[in-house]
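S.K.: Got a structure here, written out as structure tokens. Questions coming.
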């Protein structure tokens, strides 16, 4: 409210939501009680009933679907908050772990286990991360529902479970490594979103490409060969198969499966960017276009009816804000 919003306004982001649909009792009843995306037959029936052009009815439904979505200003403020948290907690984690012996030698995570002291810096690092992921768990149900909703839900569950489980079992040393590793790329994605909302397309593309490189290196390289190696093999060697070994490593492997899925989506988006010359819509996003250009480019009724909600919406030659960068 006091920092992000003034920044957005200075960047030219207006507090205006999507175009609101013209009030119509019949269409509103169909929208709320029957379907939000009517098929061709229903559109034809509504066209005869209202004496409206079918494309006008389709446009009304698209505007009605979009009008409840948050404005670019609101999304900018949310991304700026997340960027601030991710960047701050990552710097805190790096500064804290730089002097920690287990950061340089992962076998130190298991020496003298479980009789390892819990310092105040460790405690605050853990409690802040746990609180933040709980907030993401709840806010996911109020945000725009996206294609990876279930994957994100599983991710938040696994993360909260890992943080809580490792804290209760005093596995905080290896837990700090997992947390810091995940924070390394998250703030770059939020930075790309901020640039996208402000319509700095080249900066947006650069941040996204950097995010993709860091994500793949950390999640497909460092995580399995550094984190999983110590939790699976080094822990077994140094302290033996402790009772919760299977559960702990099961959650960590679940995260790795999610990393592979997201890496595939990132690579696919990057490939499309190379082919088209710019970053396109994120394959995880389920955001609709609210531009009138979509109707102008539809030369036939069939084209209008088959317009996908994943269609590319351009503004001044750039990708519209809120497309590929939506989580």
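Any Cβ shown, glycine's included, is placed from N, Cα and C.
Unlike curated entries, TrEMBL annotations are predicted automatically.
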S.K.: Per TrEMBL, which of 63-82, 123-142, 143-162, 163-182 is transmembrane segment?
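M.R.: So the range that TrEMBL calls transmembrane segment is 123-142.
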S.K.: Look up transmembrane segment in TrEMBL and report which of 20-40, 41-61, 83-103 it refers to.
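M.R.: The range carrying the transmembrane segment annotation in TrEMBL is 83-103.
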S.K.: Return the average pLDDT for the domain 'TLC' (74-275) as a whole number.
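M.R.: Average per-residue pLDDT within the domain 'TLC' (74-275): 89.
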S.K.: In the same chain, which residue numbers or ranges, 6 or more beyond the ends of the transmembrane segment (246-267), come under 8 angstroms Cβ to Cβ?
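M.R.: For the transmembrane segment (246-267), the far contacts come to 148, 151, 154-155, 158-159, 161-162, 165-166, 169, 171, 178, 211-212, 215-216, 219-220, 223-224, 227-228, 231-232, 282-284.
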S.K.: Per DSSP, how many helix, strand and coil residues does the DNA-binding region (29-72) have?
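M.R.: Grouping H, G, I as helix and E, B as strand yields 30 helix, 0 strand, 14 coil.
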